[in-house]
């Protein structure tokens, strides 16, 4: 497995409450951030595909209306009667009725192809149960079937990543042989600590998926009469379990007699789905690393803004405080601890002193002198004259005396 760089199978660790709380916060941030990014990704994709496909859709609708009117006028039939016939054809198409005769959908090989598309979650939509009993059975059949297939994909993923790790580790040990006898121990320790990068594994899986897709596309292009690009498109749609149903393999009439092609079709589907599933998992690890980088960047920006605000807050308070207000007063006989910050600016000292409760501050630049007096115990009393000019706290007394005019 990938351990610290790429971990598909995690290790159970004993964590304290504080660490578990931090991990939960990070995972929650991942969840919401990924949801927002997926929403924006879907909006961007919708805009792009709408821009590309909407004109073709409008043109197809116009062409179909023209053809429908032309056919009705040429054969002198009602358009409503023709549309009713077409609706019946759409209902019959679910049972496998096509304009050109094709292979049977519900014989044993056709039914096996159907259940394969169900448990693999491809779902081309060409074949679907038309009876009520068949629809209810499909729901009960798909629950354990899809779950077992996903478990099979995960087990396949573990074995593929283990095999790739061993092969890459073997290549690493071959390319980094120690040149001296005394360095064998250190090189051995480095090899034990070496782990494959998730980017390397993703690249190898991508090459594997591309190789399987190109081989399958060559076969489909020869057997189905599709172009190579259309065959590649079908391979991605099928291997990724999207399954639009616009292209479906093995549905022609002459395919009933080619058992070898049917077996090869099922094996290629299985291998392609497994490899693509592994590739998607590897890419998801890279996406999670990207989410971690985004969260670290946002945290760094927040810390920078917060530190900047804390740095300049006393300056803003000094500049916008009331110039007619007294410097600082304590309204009762209780000794309070003030909050003070000093900022050097152009050779002057600006002192901000707040005495809780209800203390009002004032800028002391060029208007007064600040003297630090002796230590005063907070239990001792303070005279009435000193209370007007002194705001004392537990350790020191700050004495503010106005300059003579």
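Just so it is clear, glycine is given a Cβ too, placed from its N, Cα and C backbone atoms.
Annotated domain 'Potassium channel' per TrEMBL: 100-161, 209-287, in sequence order. Marked as transmembrane segment by TrEMBL: 31-52, 111-130, 136-157, 198-220, 226-248, 260-280.
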Query raised in the report: With an 8 Å cut-off on Cβ pairs and a sequence gap of 6 or more, do the transmembrane segment (198-220) and the transmembrane segment (260-280) reach 3 or more such pairs?
Result: yes
Query raised in the report: Which residues, given as numbers and ranges, are at least 6 beyond the ends of the transmembrane segment (260-280) yet have a Cβ under 8 Å from it?
Result: 109, 113, 116, 120, 122, 153, 156-157, 160-161, 202, 205-206, 208-209, 212-213, 215-216, 219, 223, 235, 238-241, 249-250
Query raised in the report: Hey, which bits of the same chain come close to the transmembrane segment (136-157), Cβ under 8 Å, at least six residues off its ends?
Result: 8, 115, 118-121, 129, 273-274, 277-278, 281
Report task. Take the domain 'Potassium channel' (100-161) and average the pLDDT across it for me. Result -> 87
**Report entry** For the domain 'Potassium channel' (209-287), the number of residues DSSP places in helix, strand and coil
**Finding:** 62 helix, 1 strand, 16 coil
**Report entry** Helix, strand and coil counts within the domain 'Potassium channel' (100-161) (DSSP)
**Finding:** 42 helix, 1 strand, 19 coil
